[in-house]
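Asks: Here it is: the structure, laid out below.
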């Protein structure tokens, strides 16, 4: 039967109609304050809007069904619809005040993201191009000072869909006119103040931050057009509360510190004794997330989010993937620690990985074909696509080592329950 939906249609429609009415009132007052006499049509809320259908399609199984016409329409609308407002985003890492963000070290002013609203009342997170596709992250960079890449957000959505996780919000590339689609529609005076024209006559802007807000960290159009990724917003927190939970395999966000999992190969035994990892499928979902992060090369998964409605067995949201696809020449095996230390994996995940390792369904070929649908294609360079095949083999080798040591029945789990832990402690199998 159909999976349990996240939202009730009537409640969601009532809530979003109130938000639309409130936005239209504020927009009218804003125009009156500026003495703008031209009439402004109210922003309509259409029940058939693709973003609203996307929200109503979220269920216990994932963010969208396997065959979802709403997602296809949403990607099209994100590419084409005009913007009606732009603003700075809330810090997603401080979601609901559940995250202590003091430990997260990053250079303020370098990372920039904006919330864009479209004429159908939908919203998306815009991340501008920071790094050219052929550039690799420098070897001396720590993961927490790495660039955020717009093409990584786009590629992560396609990979997540190919892996059948469906835990990354729909994301698409778009050329944004920063003058017409950001500067001229924003009501935020601070955002307006950080726009300038460069010596090359390009329109640029930079991030709002407590320090280091300089023109050196700006992003610039050519002269007005700027590449970026647009990720669809999830339902409002008032409708669908989410929890932000520290990743048990969180990395040390300092230059010299180490976490316990980095020095203790039996660390998973401790995690298995902690609720909810001791009884639900949460640990299996953590392993899914680790495999996904290893394939894209993302070392920055310090927290994960979940919809509270689905309880302990709900899926994990794979948000904020902009630090993926930085180095195609390096495979960071430590990202696979949840798999190699716990030696457990969902059967469906393993079957999908094995299928994508076959020559006729090679992961790089499927990704290449999928990414051709994006307006900014080619999204990834060829070395990054080749790296996906190489890393997939490393994942399957790690699973093979676990099966050799503990047996398939003990390692490969049904998707709803992890297998019992063997009597012998599971050690890291890197050796």
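Even glycines carry a Cβ here, placed using N, Cα and C.
Relevant sequence annotations retrieved from TrEMBL are reproduced here:
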- 300: active site (ACT_SITE)
- 127, 231, 232, 233, 234, 305, 320: ATP binding site (BINDING)
- 320: Mn(2+) binding site (BINDING)
- 195-411: domain 'FAM20 C-terminal' (DOMAIN)
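Explain the structural surroundings of these features, please.
Replies: For residue 300 (active site), the Cβ neighbour count at a 10 Å cut-off comes to 20, with all displayed protein chains included.
The local packing around residue 320 (ATP binding site), expressed as other Cβ atoms within 10 Å of its Cβ over all shown chains, amounts to 23.
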Asks: So what's the mean pLDDT when you look at the domain 'FAM20 C-terminal' (195-411)?
Replies: 92
Asks: Does anything in the same chain, at least 6 positions from residue 234 (ATP binding site), have a Cβ under 8 Å from its Cβ, and if so what?
Replies: 55, 58, 63, 169, 240, 242, 317
Asks: How many other Cβ atoms are found within 10 Å of the Cβ atom of residue 127 (ATP binding site), counting all protein chains shown?
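Replies: Other Cβ atoms found within 10 Å: 27.
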